[in-house]
Amino acid sequence: MNPYVLTILLSSLGLGTVLTFASSHWLLAWMGLEINTLAIIPIMARQHHPRAIEATTKYFLTQATAAAMILFASTTNAWLVGEWEIHQLSHPLATTTVMLALALKLGLAPVHFWLPEVLQGIELTTGLILSTWQKLAPFALMIQVAPTINSSLLITLGLLSTLVGGWGGLNQTQLRKILAYSSIAHLGWMVLILQFAPSLTLLSLLLYIIMTSSAFLALKTNNSLTINTLATSWTKAPTLAALTTLVLLSLGGLPPLSGFMPKWLILQELTKQGLPLSATLAAMAALLSLYFYLRLCYAMTLTIYPNTLTATAPWRLDFTHLTLPLSIVTILALGLLPLTPAMTAVLTL
């Protein structure tokens with residue numbers, strides 16, 4: 001893709017998100033979401049591969065449906081209540097419709113079906129943008145409307161997403177689909193605590209973005225797309241393979257890695273709010289996710305590369321791409337747990 005065109009598209013991507021962040025009016029927020037969607041579509045389709053075009057079409061249709069639902073809900077609220085402000089969303093029909101539309105935009109269960117298919121059809125760098133940056137604008141709106149939404153709906157969406165994210169990733173061999181189900185499970189944890197402690201949701205989102213960025217960049221550096229090709233990682237770059245294993249365990253939420261922090265704090269808060277059953281279900285769903293992370297770790301570090309594999313084996317790493325971002329996010333994904341008190345204090349200010 002032409003560098004100038006790519007710069008314009010990435011700038012539009014940033015503009016759309018910032019516009020949604022800064023807006024207090026539903027129409028302006030909707031406009032930001034639409035700019036965001038339209039900017040990423042050419043980036044997704046730049047491979048000119050049938051799978052990429054199919055993924056782009058699916059993404060466009062789901063995002064357009066969600067945007068139409070948001071517009072319908074905000075218009076309904078303005079008609080019934082007379083308010084266009086985001087904070088003044090009060091009618092039950094409007095709040096429920098907006099929540100489902102934002103769930104569709106984020107890929108929360110039960111409206112998650114598009115996310116694994118779309119991620120599977122695009123390259124890892126675009127998948128990284130889709131899994132991190134594209135979640136910010138809908139989450140900003142969700143945090144603003146959360147106080148007016150029925151807490152039972154949020155808890156149901158959260159628990160369903162953690163369970164679906166765990167179950168869905170168990171039988172996958174494609175790494176991008178596994179990361180998509182991982183994303184669904186992490187988003188479920190964030191939605192679960194959204195109404196009780198929004199600061200914890202922000203903390204979880206921040207750590208999710210750091211850990212997911214590290215996982216995507218490590219897989220891109222390794223040039224791995226399936227579990228089978230992960231088996232070559234140890235031979236090519238032992239240090240990177242060891243660090244990637246730790247990052248995957250961090251995504252699974254094992255102490256003493258950074259990923260343990262949000263799960264620990266969320267379970268603690270749910271128990272304080274008198275929801276021990278929800279906390280137990282979420283913790284058990286996390287075990288499902290942990291299983292497929294351990295499966296990846298096993299494939300990466302404890303298996304020998306089979307000679308019968310039909311895939312091409314890239315034995316030498318291509319170091320033409322930048323490894324500094326990978327180094328920074330990997331360090332953050334592994335070592336932030338001791339800073340838990342400081343981070344919680346900053347987010348509660």
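Placed from the backbone N, Cα and C atoms, the Cβ positions cover glycine too.
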TrEMBL annotation of transmembrane segment - which of the ranges 32-51, 152-171 it falls on: 152-171
Correct range for transmembrane segment (source TrEMBL, candidates 132-149, 240-257): 240-257
Candidate ranges 152-171, 178-196, 202-219, 277-298, 319-339 - greatest C-beta contact count to the transmembrane segment (240-257) (under 8 angstroms): 277-298
Reported mean pLDDT - the domain 'NADH dehydrogenase subunit 2 C-terminal' (290-343): 78
For the transmembrane segment (319-339): best-contacting stretch of 152-171, 178-196, 202-219, 277-298, by Cβ pairs under 8 Å: 202-219
Proximity of the transmembrane segment (178-196) to the transmembrane segment (57-81), 3+ C-beta pairs under 8 angstroms: no
